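A short worksheet on the structure shown next.
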Amino acid sequence: MRKKQLLRIGVGGPVGSGKTALLSQLCLALRDKYDMAVVTNDIYTHEDAQFLTRNNALAEDRIIGVETGGCPHTAIREDASMNLAAIDDLHERHPNLDFVLVESGGDNLSATFSPELSDLTLYVIDVSAGDKIPRKGGPGITKSDLLIINKIDVADLVGASLEVMDRDTKKMRGDRPFVFSNMKTQQGLAEIIDFIETEGMLK
């Protein structure tokens with residue numbers, strides 16, 4: 001059976017920014033509409049893959065956890081072979097896949113996805129790290145296709161200004177889109193889905 005062309009969506013961001021929570025919400029919202037799968041990257045465990053399975057985000061055979069060992073950004077940039085093999089495996093299992101989400105291991109602001117691994121890149125940062133994060137720059141913040149500023153509900157608790165983050169993000173990204181989000185309440189989720197569907201030419 002001939003496999004259809006597959007959209008690959010990279011999801012990057014620092015540890016704890018909310019990447020796995022975003023994946024879970026995207027799976028729950030889109031799994032009945034699209035044929036989809038997920039590849040997660042963890043340094044020594046399959047924790048993120050297990051989280052998605054436990055939360056019934058997708059059927060178990062649609063999720064593969066890659067143990068990257070050592071440096072997580074090597075697996076998404078310099079040597080993407082493990083991730084490409086995982087995508088191929090999922091595509092063999094599900095020849096009609098519309099897209100696969102590839103979650104990077106927790107990385108720093110300089111990590112980027114190899115073009116052969118990701119057609120569309122989402123980068124997640126979170127407000128709890130402070131409102132200075134957007135102006136620190138780095139490829140994830142300046143060059144990702146969509147920047148997601150997550151956990152806006154904790155802004156007051158950590159003394160972060162969303163206005164400052166909005167201003168600095170516009171300065172760093174120019175015309176590139178970004179969205180403020182709170183995955184607990186699904187705030188911003190509709191905009192993220194619309195971006196994926198539009199830019200990924202799914203609709």
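Cβ from N, Cα, C; glycine included.
The model shown is predicted, which means the values in this text are computed figures rather than measured ones.
Here is what Swiss-Prot says about this protein:
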type	residues	note
BINDING	G13, P14, V15, G16, S17, G18, K19, T20	GTP binding site
Students should find that the Cβ of G16 (GTP binding site) has, within 10 Å, a number of other Cβ atoms equal to 14
Listed binding-site residues (G13, P14, G18), ranked by Cβ neighbours within 10 Å, top entry | G13
For K19 (GTP binding site), list the number of other Cβ atoms lying within 10 Å of its Cβ atom.
-> 29
Three-class DSSP assignment, V15 (GTP binding site), comes back as coil
CB neighbours of S17 (GTP binding site) within 10 A?
-> 26
Across all the protein chains here, work out how many other Cβ atoms are within 10 Å of the Cβ of V15 (GTP binding site).
-> 10
If H, G and I count as helix, E and B as strand, and all else as coil, what does DSSP give for T20 (GTP binding site)?
-> helix
